């Protein structure tokens, strides 16, 4: 042992350790790369306060932030997917289901709840994109029909938040059949004269965009959401042409008249309440809370 080691051993020195930061405290914006405090991002409804990028949000969080606190009642939670075709690609479908259920805590890619919005009774549905890309299965179709039936029973509006890659290929024709099934259910809602508002979020593609997502009495999109049937890369490869900038994004679609409105997520709740109060001939709700404002909007106002 050297002389310096002997001195150090004799002295009562407290060793310093690196301060460990718990996992999940910080996250990074997918768009601008800004490092964000996780709790602050959640308070801002998963919208980056720096660049206003709308990150993906869980289905359950969407519904909890939409409906009045304590009013939520889940519908169709007993419906579970089954691998009736014994489908297998690079992985067995039943194994994909187990993995998706474990990762998301959901049984399938659509969550349905009834409740109130500023005191107005509504039924709301939301896709869970993290569950096999929010793909439409027979259970998703059945839950959506359950949502329509509940709206008919309660004589109230229906709101649906779409975030999906389209029909679930592992269920083949049974999945494609849900396009017709959900569209037929919405026709009953229209016959009754009950409002259906469709909110398209990033991404809304394939069979979902070709059915229930574009059948709203009013179609609202979040900023810069990708909305279409086939993706832009597939279209470019097929037509062998360069697509225009922003093709299939919300801003492009509203210019072409394909959607009715673009609404920021923090303003969505109040916007939906205002629209539904007018469509159902109810008094305009009184809004106490103010929607969060991004740094981009602050700079624009200045």
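Note that Cβ sites are derived from N, Cα and C of the backbone, with glycine treated the same way.
Remember, it's a predicted structure, so these values are computed and weren't measured experimentally.
Listed ranges 29-51, 52-74; the one Swiss-Prot annotates as zinc finger is 29-51.
Of all ranges given (259-280, 281-302), Swiss-Prot attaches the label region 'Disordered' to 281-302. Cβ neighbour count for residue 29 (Zn(2+) binding site) (all protein chains, 10 Å cutoff from its Cβ): 18. Its Cβ taken as reference, residue 51 (Zn(2+) binding site) is surrounded by 15 other Cβ atoms within 10 Å in the chains shown. Neighbour counts were taken at the CB atom with a 10 A radius for the binding-site residues 32, 48; the maximum falls on 48. DSSP labels the residues of the zinc finger (29-51) in these numbers: 6 helix, 4 strand, 13 coil. Within 8 Å of the centroid of the Cβ atoms of 29, 32, 48, 51, where the record puts Zn(2+), the same chain has further Cβ atoms from 30, 31, 33, 34, 36, 49, 50, 52, 53. Mean pLDDT across the domain 'CoA carboxyltransferase N-terminal' (25-294) comes to 96 in this model.
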